[in-house]
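Below is one structure, written out as structure tokens; comments come after it.
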Amino acid sequence: MILVVMDHDGNELRKGALEGVSRARKLAEALGGEVAGLVVGFGAEGVAEKAKDYVSKVYVVSGPDWETYTAEKWAKAAHAAAEAAGARVVVAPASRTGRSWTARLAVKMDAALLEDTLDSWAEGEKVYATKYSFLNRVLEKQAGSLPAVISVKPNTTPLAEPAGAGTVEPLAVELGELEKKVEVLEKIVETGGKVSLTEAEVVVTGGRGMGSAEAFQMIEEFADLLGGAVGATRAVIDAGWRPYAEQVGQTGKTVQPNVYFALAVSGAVQHQAGMNKSKVVVAVNKDPDAPIFKETDYGVVGDVHQVLPAMIEEVKKLKGA
Amino acid sequence: MKYVAIIRQVPDGESKIKVDGGRVNLEGATLILDQMDEYAVEQIIRLKEAHGGEAVVVAFGPERTEEAMRTALAMGANRGVLVTAEGYVDPVTQAGALAKVLAEEAPDAVFTGGQQADWDSQALGAAVAEALGWPSVTWTTAFELEDGHAKATHDLDEGAEVVRVALPAVFTTQQGLNEPRYPTLPGIMKAKKKEIKKIDAAELGVSGSKVEILEQTIMELERKGKIIDGTKEPAAAAAELIKLLHEEAKVL
């Protein structure tokens with residue numbers, strides 16, 4: 001049995017959940033058994049009704065103790081579900097939260113952890129995966145023994161199609177002392193209602209050359225037009241123009257969208273580490289020697305304050321056509 | 001009070017790395033204290049300065065890791081403990097060995113970088129915490145002590161969260177938490193005399209790795225490099241760019 005932990009926003013399954021199901025099905029074909037799912041937390045009962053179209057059984061962990069996320073709780077729930085399902089492999093999204101609890105789960109299960117994987121497969125009693133390392137500069141092939149915990153890098157895997165109706169089974173998990181040690185005092189949602197940076201297929205990042213916090217309104221407008229997410233460079237975060245959650249780079253988030261716009265971004269190595277696996281990279285910069293142009297598919301040498309408004313108009317025309 | 005930073009020595013991001021026989025070869029690369037761990041080291045020094053006690057640096061890695069540890073000692077940490085092992089050992093296995101060192105040290109708070117610049121892994125801090133039965137907070141941007149607890153702000157996928165955590169606990173660090181100081185010349189001189197205790201990983205029960213690296217290859221994506229001059233007619237350049245993205249790249 002393979003267990004897939006299915007991320008959701010309280011109403012809908014996230015893309016990461018459906019990427020996880022695809023991976024879990026592939027592993028189940030090689031290792032035998034079926035795919036079970038787990039939904040945890042706020043709104044889990046409702047989401048389970050949607051999740052059961054994808055897996056043979058959905059375990060639901062919910063209730064007042066599970067309204068807020070902590071890594072300790074999610075690891076405990078996943079461990080309980082893995083034991084209930086007799087799962088030898090647990091698949092989860094490699095979101096920031098996913099990567100914080102899967103490490104704990106691997107310790108609980110005494111399992112091999114294959115983290116942030118691009119692909120994964122099984123042969124015999126081993127699981128294999130590919131991932132990036134060395135700031136995204138190296139492609140690495142890894143092998144792990146069973147049991148294993150595998151996290152799936154966002155935007156790497158086809159989304160699963162529904163495959164019949166599974167059953168829903170509530171799972172009672174008691175909080176122990178450890179899980180009570182973290183109390184969430186306040187949640188600050190900075191990208192509420194919009195696509196998350198790590199899952200977005202379009203990312204529009206502004207650099208220091210944008211010149212001001214106000215200039216990011218243009219970036220937001222452009223990102224909204226394309227259904228994308230806004231990113232920012234370290235210099236922009238340091239200047240206090242944008243929140244930390246939007247930082248792309250070595251000390252921020254790693255993104256791998258279909259198309260990445262680097263606007264007024266010079267392209268330091270630390271920034272490249274966060275975006276260099278984007279499928280198509282577009283840059284606008286007034287400095288023709290900016291390092292970002294070496295990493296660019298399509299670039300414009302010019303002033304972003306003149307080029308970006310024109311890009312917005314062109315996209316509006318395109319969408320209107 | 002005692003505070004620990006878990007650090008790693010990694011290649012500088014700007015340093016050339018090469019692959020020989022399917023493995024990354026770091027010979028010739030500049031090796032540094034992981035930039036994400038610098039925030040952890042700065043944090044334990046600040047806590048020691050504010051509340052007294054001891055700032056200890058702990059690491060798992062090859063003998064050469066001592067160099068990165070000396071950097072942390074030059075910044076102001078008191079002493080170091082290095083668990084030595086050559087070759088690749090996965091973060092979860094490393095965490096098991098480090099947890100034994102930490103159980104003995106019994107610190108009030110542990111800090112380590114949010115992601116390692118060699119493995120691109122985010123597992124170490126959370127795995128150490130789990131092995132100790134301690135809570136963990138990832139991607140911490142603000143930290144303060146409050147009577148046996150810590151109040152911390154940390155990043156999630158879609159924003160941030162403020163949590164109150166019972167100590168001892170493990171925090172993974174990132175930019176924003178503090179501004180790491182540079183080692184001073186007197187600091188560097190003093191660091192040479194500071195104690196680094198070395199323990200062989202085998203003595204802590206490490207007999208291999210649960211994850212094996214089979215092959216590594218340098219990935220350089222070929223980029224098209226089509227550059228349009230938009231200095232004279234920005235609107236025309238924008239139109240051409242959007243047309244290329246729509247018709248040629250088919251991403252819009």
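Yeah, the Cβs are placed from backbone N, Cα and C, and that goes for glycine too.
The shown structure was predicted, so the numbers you read here are calculated from the model rather than taken from an experiment.
Residues or ranges marked as domain 'Electron transfer flavoprotein alpha/beta-subunit N-terminal' by TrEMBL: A:2-190.
According to DSSP, A:ARG234 (FAD binding site) sits within a helical segment. The Cβ of A:ARG234 (FAD binding site) has 22 neighbouring Cβ atoms from other residues within 10 Å, across all protein chains displayed. Summarising the annotation, TrEMBL assigns FAD binding site to A:ARG208, A:THR233, A:ARG234, A:GLN247, A:VAL248, A:GLY249, A:GLN250, A:THR251, A:ASN285.
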Please name the residue among the binding-site residues A:VAL248, A:ASN285 whose C-beta has the most neighbouring C-beta atoms within 10 angstroms.
A:VAL248
A:ARG234, A:VAL248, A:GLN250: the binding-site residues whose Cβ falls under 8 Å from a chain B Cβ:
A:ARG234, A:GLN250
Helix, strand or coil: which one is A:VAL248 (FAD binding site) in, per DSSP?
strand
Among all protein chains shown, how many Cβ atoms are found within 10 Å of the Cβ of A:ARG208 (FAD binding site), not counting that one?
16
Check the DSSP secondary structure of A:ARG208 (FAD binding site), expressed as helix, strand or coil.
helix
Just counting, how many other CB atoms are there within 10 A of the CB of A:GLN250 (FAD binding site)?
25
